[in-house]
Amino acid sequence: MGPANSEGTMFDAFSREVGDYYDQANELLRAMFTDNVHYGYWPDPSSIDPLAEAGERMTEQLYERLDVSAGHKVLDVGCGVGKPAAWLARKTGATVKGANVSRNQLEVARDRVRSEGLEDRVSFDLADAMHLPYADDSFDRIWAIESMIHMPDRDQVMREMARVLRPGGRLAIADIVVRGTLDDVATAVVEGFCTLSTARSLEHIDNYPALVEKAGLDLLELTDVSEQTRPTGPAVLPAFDVLLPTLGEEGVAQSKKAWGDMFDLPQYGYVLLTAGKP
């Protein structure tokens, strides 16, 4: 356990590192992904739909799995700059709480809900998913969109999400994973991607059922959408050029290679899963 910060949340060293990364990279990430700050979903991977449109479809994929209704309390673990949380509140009438370790992203998220008139239904906390500052059985629904890659201990985070989820509640996760067997070359590519993304590690897709079970949850669905998300790689590459003033041409080229190599990797994976609390 790390020291409590001023907002009463327990932060470990890696969570602080992730928060610092998102504080510093916020504008880059918004240039890369638009305000969704997550991968896109292409039903036809050969299509040329823009990333902004595909990003909205990814949010919809999670929404369809959560079955959210008006009156539900929803937790968004790793909420980014708050666009999916605001979208969900508008779409369903639910009350949404976002948790994030980046102060800069939270500032943007709070400005968003103020400008959209959603302050009565959407709020945000500086909070570490390893030690969620909420009482047991607090939420009807939880989603975690691409935040699991930053978690030092996925078992701990799964237990925490299960703890704050009410009996009968539902959890949806979107996560970047690996598939198949990784040789030395693939391992090096994954390590380069993790360094670039400040990811602790990538889980193997085959390990997720056990993670869900150990947390005391029932796995309802696990879908491999690797090919439907792979177009995110080339769609994002041009945005790295905004780093030219700070990294120079060589640094940007290295970053593009680390990013592009991951999406070229056969073992690249992306999973959508839904779990329920008995």
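Yeah, the Cβs are placed from backbone N, Cα and C, and that goes for glycine too.
Record features, source Swiss-Prot:
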| type | residues | note |
| --- | --- | --- |
| ACT_SITE | Glu146 | active site, proton acceptor |
| BINDING | Gln105, Asp128, Ala129, His150 | S-adenosyl-L-methionine binding site |
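Projection of Swiss-Prot feature records onto the structure.
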| residue | record | Cβ within 10 Å |
| --- | --- | --- |
| Gln105 | S-adenosyl-L-methionine binding site | 26 |
| Asp128 | S-adenosyl-L-methionine binding site | 27 |
| Ala129 | S-adenosyl-L-methionine binding site | 24 |
| Glu146 | active site, proton acceptor | 21 |
| His150 | S-adenosyl-L-methionine binding site | 23 |
Gln105 (S-adenosyl-L-methionine binding site) to the residue listed as 'active site, proton acceptor' - Cα separation in whole Å: 15
Among the S-adenosyl-L-methionine-binding set Gln105, Asp128, Ala129, His150, as the record gives it, the longest Cα-Cα distance in Å: 16
Gln105 (S-adenosyl-L-methionine binding site) in three-state DSSP notation: helix
Pairwise Cα distance for Glu146 (active site, proton acceptor)/Asp128 (S-adenosyl-L-methionine binding site) [Å, integer]: 15
Three-class DSSP secondary structure - Ala129 (S-adenosyl-L-methionine binding site): helix
